[in-house]
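Novice: Got a structure here, written out as structure tokens. Questions coming.
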């Protein structure tokens, strides 16, 4: 009786510890959501989306019309967008206006299409800027690279969707009657939007930030955000049905505030997913508490240089993901410290995201590290402050090589 009881207690303790970690990590994600001003940014993106939504929709339909093989799927594409982008309460009027705008797509000249594309690109640039701030990226992509990448996404995205619809139709026609057309289309309508949403969100979290993002983190965030959007869509519909105040006040124009509110909620959830994806690297070893339990940025920088020095002695390069696991710090914090030390000329990186030591440890002092990642340790005014700063600088004149030897000696003297 004693052994099963002990095992049960251990399982209970593990479960309690796990949920405490989940709660603590959730608080950390919420703190980052507020710190990164995601709620305010969602409002800005809402109005930017309102301006860029019709250009995006029109460009997609224009590309569909450019390929005769996709002409039969234009109506299905419109239905797909309206069913999954616009809530039912706002779908009727918004859908009418979107159809009116899209019907004029064939009348656009090449110059007009470019103008709409520029409007759509401005929205994507705003999203990229927000994502880079969430991931603490210090060096965004160049304007030429950004334009080429997102222009390709704007043009190839609708084409890829058209090819997928054509492939579905081809499979049905060559199945010999084994697959019912209604079943295929019903399955596509029910399952397809969710899979497309999960894939698009995951790709956004992987490709938009100009930094390394683990695929598993992006996929987890993409799936959770996709599920949250589906749940919010259902709850939003119930809310609009229960509270008819908007319809009483705005009448036929109630669809517009409903649509704006829906866009805002969507952006809050999407940005929350970006924060979650950027924060998942802190889950390992409770790294979200490093600022409270594991010292300052100075200590983290020293640990990074020691890890790179050891790897250099062993003749290996450390990928950013391996490095942050060794020092048990979040990915974006590790990358920020590495970028600062890169400017000092102490580290270098490869195109594959691997890092190496570029300066001899004997030439790097602890004072250099402190002033690189914290602040210059000096006082310009006040004799007493100058003397105090000088006394603080003296013990930090020790080199990184000397500190590494002291660390090795201390580790060897510790009892096993």
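Just so it is clear, glycine is given a Cβ too, placed from its N, Cα and C backbone atoms.
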Novice: Choose the correct range: of 22-44, 45-67, which one does TrEMBL annotate as transmembrane segment? Give that range.
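Specialist: TrEMBL lists transmembrane segment for residues 45-67.
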Novice: For the transmembrane segment (262-283), could you work out the same-chain residues 6 or more beyond its ends whose Cβ comes under 8 Å from its Cβ atoms?
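Specialist: 21, 25, 28-29, 32-33, 36, 38-39, 41-43, 45-46, 49-50, 86-87, 90, 130-131, 134-136, 201, 204-205, 209, 213-214, 217-218, 220-222, 224-225, 228-229, 232, 236, 290, 324, 330-332.
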Novice: Grab the same-chain neighbours of the transmembrane segment (191-208) for me: Cβ-Cβ under 8 Å, and only residues 6 or more beyond its ends, written as numbers and ranges.
Specialist: 80, 83-84, 127-128, 131, 149, 215, 217-219, 221-223, 225-226, 229-230, 270, 273-274, 277
